[in-house]
Amino acid sequence: MKLMVLQLLLWHSALWTVHEATPLGPARSLPQSFLLKCLEQVRKIQADGAELQERLCAAHKLCHPEELMLLRHSLGIPQAPLSSCSSQSLQLTSCLNQLHGGLFLYQGLLQALAGISPELAPTLDTLQLDVTDFATNIWLQMEDLGAAPAVQPTQGAMPTFTSAFQRRAGGVLVASQLHRFLELAYRGLRYLAEP
């Protein structure tokens, strides 16, 4: 049944162009090896992000992202949408575009956190590399499917953290947002991976 629904969604997506990309045709689907690798990458990035949050909590007592929400708005930390990847409204081409765009956004946010603290730098570097690897994996799959936009996205304005506290609070907020983003991505990818 899910295969029929997915094929119907793919057929429907062939009628519309999304983000200047060629939609996937009804006979195309994502390779199982790609989906499994993506699920593995999501789990790895979530573990990296959780480690960053735990270390910020232990070292700087920044343990509750919800307490920092007002600061998120004043710092201008954007959130990435992933509405096209929900199982109810799954649009494969749009989902891949949103997933790549979100990962690209989080690459920039993690780069903006550079200098957070010497003891957290290795954790942040690992997280950054894993997000970059996942974004590259998504982009290459989009190219293989002929669904990649003609031009790769460019990084928009990123927040400027002017103090050590802002950088650390930003680290908690970015890691928390990335975790929520990846939870949605994981659900969508797991739905696609089911036979």
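Even glycines carry a Cβ here, placed using N, Cα and C.
Sequence annotations record features per position, and here Swiss-Prot assigns signal peptide to 1-21.
Summarising the annotation, Swiss-Prot assigns disulfide bond to C57-C63 (among others). Using a 10 Å radius centred on the Cβ of C57 (disulfide bond) and all shown protein chains, the other Cβ atoms total 13.
Per Swiss-Prot, disulfide bond is recorded for C85-C95 (among others). Over all protein chains present, the Cβ of C95 (disulfide bond) has 26 other Cβ atoms lying within 10 Å.
Among the features that Swiss-Prot reports, O-linked glycosylation site is placed at T154, with the record citing similarity to another entry. DSSP assigns T154 (O-linked glycosylation site) to coil in the three-state reduction, placing it in neither a helix nor a strand.
The most densely surrounded of the recorded positions C63, C85, T154, judged by C-beta neighbours within 10 angstroms, is C85. DSSP assigns C63 (disulfide bond) to coil in the three-state reduction, outside any helix or strand. For C95 (disulfide bond), the nearest neighbour among the recorded positions C57, C63, T154, judged by Cα separation, is T154.
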